[in-house]
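Engineer: One structure, as C-alpha cells, below. Some questions next.
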Amino acid sequence: MSGGVDGGVVRPRRSNKGFQRQQQFHDQFQDQMSPQGGGGGGRRCRPSEEKERTKLRERQRRAITAKILAGLRRHGNYNLRVRADINDVIAALAREAGWVVLPDGTTFPSRSQGARPAAGGSTAVLTSPTSLPPQQNQAASIGGISSASQIRIDDEACQMKGLFVPSSTAYDVSSSNRSQSPNMLGVEIDGHDDPLMGVSVDTIDARQVVDMPSNLQERDFAGTPYVPVYVLLPLGVINMKCELADPDGLLKQLRVLKSINVDGVMVDCWWGIVEAHEPQAYNWKGYKRLFQMVRELKLKLQVVMSFHECGGDVGDDVCIPLPHWVAEIGRSNPDIYFTDRSGRRNPECLSWGIDKERVLRGRTASEVYFDYMRSFRVEFDEFFVDGVILMIEIGLGPCGELRYPSNPVKHGWRYPGVGEFQCYDQYMLKSLTKAAEARGHPFWARGPENGGSYNSRPHETGFFCDGGDYDSYYGRFFLDWYSQMLISHGDRVLTLAKLAFEGICITTKLSGFHWWYKTASHATELTAGFYNSSNRDGYAAIMQMLKKHGVALNFRSAQMSISDPHMDSSEAFGDPDGLAWQVMNAAWDSCIPITSENALPCLDKVSYNHLLEKAKPPNDPDGRHYSAFTYLRLGPHLMEPHNIMEFERFVKRMHGEASFEIHA
C-alpha cells in the first residue's frame, strides 16, 4: 500500500491489483483483435481448464480478503463497507491516525499534525452527529470546492473515538487567492519542519478530545425495500391429538399481530402428529381449524413440512417424536437412524441412506415424504387457491435444516466441539463402500479414525488439525462423498416437493456453523456435511442444487455475539459474519432469494437493529435484501406491552416505513 504525496495532500495510488486487472484487460483485448492464421480478426478462446483455475483463484482471493476485512471490522473497529477494497483500508488507517479523508479519497493531515490554516480559525472537536445541529454536522469547505458547498463528514469517521477534525484548513481559501498565490496550498515551506510534508507546524498548546458515545444514531430505514415479516407460532400450538391447544388465547395473540401489520405466521406441520399411528393415515383436523382462523384475520401462512422430531434443539419446550410406526421399525432395524462412530443412534430424523431403500413398510423414505406432502396439498387446496398459503418450507434434516445431526446435545455435545461424522449405519456404509470401490480403493470404505469426539478441538485431532488428514487423498475422497450424500438427499426430496407443490414458492433451511471457521479445516462445517475447507467453496454446489429446483434459501442468522456473551466465538476461531457473507453471496450470485429468521430470542432494540442490518445490508451496490423474515417466536413475553411496541417498530422498519424511537 502506498500513497502519493503532493504538497501535503496524500492521494491513494492505484493498487497493484488494479494495475494487473487493467493489464489483463489490455492483453485480452489485444488477443481478441489480433489476426489468427493470417486471416481476419478472431477471438482466442481460453481452455475450460484455465477458466476454472481462474475462477478458483478468484474465489480464494475473495475468501482471504473477506477474512482480512472481517478481522479489521471485528478487532480493529474499522467500519468498512461490504465490498471494501484496499483504498477503503488505506482511508480507515488514515482516519485512525487522525488524518482527514474526503469522499473522493483525498487525504491530508489534520491541523494538529502540521497543516497551517490560512486564517486563524479555531479548532473544532468532533462530537456525535446526533448532538450537533444539522448545519454543523458537515465538514468545512475544501480546496477546489466552494465554501458554499458543504461536505458531510463520512460516517466511518464517526466510529473513531477521540477523532480530531479541523473546522478550517489550509485549503479554505478562495479560488481567486489560489490562482494568485504561487503556493496554492497556502502553507510555508520550511526545511526545518516535517521532512516528509515540508510544511511549517504550528504548535498547539492544548486540545480537547471527546470520546464518542457507543450508541450512535440509528440507521433510518424509511424508504428502504419492503421485507415481509412473519411470526413463528409456538411449538405446542397443535397437541399430539392434532387439536388446537389454546384456541382462545391464540386468537387474541393473532389479533395483536394483525393490529401491528405483521404479514402472517409460520407453523410447523409435524410428521409425528399427522401420521402418528399408521402409515398414510393422516389427521389434519387441528391444522385446518388453525388455517381457518388465520384466513379470517386476513393473515398469510408459511407452512413447514417437519420430518424431524421436536425436543432436541435450543428453545424446544415440547417433545414431538417421529411417528410411532416408524419408531417400531427402528426398534427392529436401528440402522434407519443416523449413527456415529461409537454406534449411538440418533432418532431425530431418518438416515439419508434409506432414501431409496424400501424399509418403511414397503416404502422408501423419499416416498413417505412425497405421500405426506401430496396429502397436505390435496387437503388444503382451498387455502392455496385463495392465496392464504404463500410458501412451503421443506424440512431436509435435523431441526428442519439441510445438514447432518453432527452435534446432538443428547449425546454430550457442547459448544464449541467439532462434532462427529454421522455415516455409520449400514445403509450409509453401503454407499461409502460402493463409492470407494468405484474409485479403485476399496480400503477407503471407512470413516475417519482420527476425527476425535463430539467435544474435540481441531488441533486435538489428527484429521482436522492444520495439515491433517482432511486434506489427504483419502480425506478429500471421504469428505466429497459425505457432502455429496447431503446434496443428493436435498435434490431427491426437493424434486418430489416441486411435484407436490407445483406453482408454490418453496424454501429450505440452512444454518450457519461458524465456530472454527477461521481454521484451515473448518471442522464443524465438515462434520455437518459442508465441504468448506479453506481451499474449497462448500456452498456453491448447494446453491446450484437449489437453483435447479427454483427453491429459496432460509438462512438462519447467527446472533451469538450479541445475545449470549458466555458463548464467545473468538475463542473457537468463529466468524459468524464471515460465514454469513459467504453463504449469502453464494446464494445471491446464483439469483436465489434469501429469507431468514433469528436464532435466539429478540426483544430489545440492539437485537432488532442487528437483524435489520442483516436483512437490508447497507452500502450493497445491488440493493440486495431478504425476501422475507420470520420472527421466533410468538409467546407471552412478546405480548408484554413494551416488547410488542418495540416489535411493532421493528416491523415498520422492515416494511421501510418511518418509525419513532420508543422510550420507557
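Backbone N, Cα and C define each Cβ position, glycine as well.
TrEMBL feature annotations, pasted as is:
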ACT_SITE  Glu401  active site, proton donor
ACT_SITE  Glu597  active site, proton acceptor
COMPBIAS  19-32  compositional bias 'Low complexity'
COMPBIAS  46-57  compositional bias 'Basic and acidic residues'
COMPBIAS  124-137  compositional bias 'Polar residues'
DOMAIN    42-143  domain 'BES1/BZR1 plant transcription factor N-terminal'
REGION    1-59  region 'Disordered'
REGION    109-139  region 'Disordered'
Engineer: Note down the number of other Cβ atoms within 10 Å of the Cβ of Glu401 (active site, proton donor), including every protein chain shown.
Structural biologist: 21
Engineer: Averaged over the domain 'BES1/BZR1 plant transcription factor N-terminal' (42-143), what pLDDT does the prediction give?
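Structural biologist: Mean pLDDT across the domain 'BES1/BZR1 plant transcription factor N-terminal' (42-143) comes out at 63.
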Engineer: For the compositional bias 'Basic and acidic residues' (46-57), give the DSSP counts of helix residues, strand residues and coil residues.
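Structural biologist: Secondary-structure breakdown of the compositional bias 'Basic and acidic residues' (46-57): 10 helix, 0 strand, 2 coil.
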Engineer: For the residue listed as 'active site, proton donor' and Glu597 (active site, proton acceptor), what Cα-Cα distance in Å is obtained after rounding to a whole number?
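Structural biologist: Approximately 13 Å lies between the Cα of the residue listed as 'active site, proton donor' and that of Glu597 (active site, proton acceptor).
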Engineer: Around Glu597 (active site, proton acceptor), how many other CB atoms lie within 10 A of its CB?
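Structural biologist: Step by step: centre on the Cβ of Glu597 (active site, proton acceptor), count other Cβ atoms within 10 Å, giving 21.
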